[in-house]
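Asks: I'd like to ask some things about the structure below.
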Ligand code: GUN
C-alpha cells in the first residue's frame, strides 16, 4: 500500500508557488492577492478559511479575510462581491460555502467575475471546464488530479467510480477524469444516493473517489484488491479524548480498505491540503493572467 501524501505534496506545490512569487516580486510586480468572504460562525468553515489565509501568507501572497454576520442580506453580500469584482488589487476571491439558508448560493456564485472566480464555481468556468478549455478548475478536483499525477497513478483506460454528484467534487471529478487529458481518459461511473446495487459497481472499480460525506461508508468488502482510493470526506465526529473535542473521519473505513489498496489517501493529510494548494495555484494563475 502506498499512501498518497497530500500534506507533503501540497507542501511541494506551495514551495513551487513561493518561488514563482519571488520571481514576480523580483520583476517589480505585485504578489498575488486572494480575498475570502465568510458569512456566519460555522466552526468548520472558519477553520477552512483561516487555513486558506494562512497558506497565502506562507507563499508570499497578500490576503484579505472578509467576515460578515450570519444575518447579512443577500443584497448586502452581492454588494460586497461587486466591490471585489472591480478592486484591481484583488486577483481572485472566494465565498466560502455553505451560505446561510436565506441566501441563494447560485445567485452569489453568478455574481462573481469569472476572471476572479478562483474556486471555478461560476457557470462560465464550469462550462469551460466541461469543454476542456483553459479555466480555473475547482480546487478539490484539481488537487485530486495533481495528486494522482505526482504519484504516477495510471488513469487511462481505468474504471473510475465516483461516489457523490456534488457540484464541488463529484460532478466535476467525473467530467475531468473522462476527458482526454494527462490524468484522464478513464471510464467513469458516477454513483449517488439513488444508485442501485452500489457494491456491484464499486467492486469493479480500479479507482474510487469517495465524496459523499458519510463517515467510513466505503468498507473493505466493497472494493477489489489493489484498488486506488481517494477519500474526499471530512466529517467531524465527537471525541472526548481529543483536545478540540472531535476527530476527522473520511468516507472510507481506512483501516480495512487500506489493506486491499495499491494507493490510498489518508484523512486528514490527503485531499484537504491539496485543495488549499490548488486554490493558491488558481490565484497565481489569475494574477499572471492579469499582468
Ligand atoms: N466549501 C467546501 N469546499 C469549498 C470550496 O472549495 N470553496 C468554497 N468557497 N467553499 C467550500
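Glycine too: its Cβ is placed from the backbone N, Cα and C atoms.
Automatic prediction, not curation, is the source of TrEMBL annotations.
Per TrEMBL, the features are:
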- 164, 165, 166, 234: NADP(+) binding site (BINDING)
- 4-119: domain 'Tetrahydrofolate dehydrogenase/cyclohydrolase catalytic' (DOMAIN)
- 138-290: domain 'Tetrahydrofolate dehydrogenase/cyclohydrolase NAD(P)-binding' (DOMAIN)
Asks: Near the Cβ of residue 164 (NADP(+) binding site), how many other Cβ atoms are there if near means within 10 Å?
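Replies: That number is 24.
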Asks: What counts of helix, strand and coil residues does DSSP assign across the domain 'Tetrahydrofolate dehydrogenase/cyclohydrolase catalytic' (4-119)?
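Replies: Residue counts in helix, strand and coil order: 61 helix, 19 strand, 36 coil.
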Asks: According to DSSP, which kind of secondary structure is residue 164 (NADP(+) binding site) found in, if we only use helix, strand and coil?
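Replies: DSSP call for residue 164 (NADP(+) binding site): coil, neither helix nor strand.
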Asks: Counting only other Cβ atoms and using a 10 Å cut-off, which of the binding-site residues 165, 166, 234 scores lowest?
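Replies: Sparsest of the binding-site residues 165, 166, 234 by Cβ contacts within 10 Å: 166.
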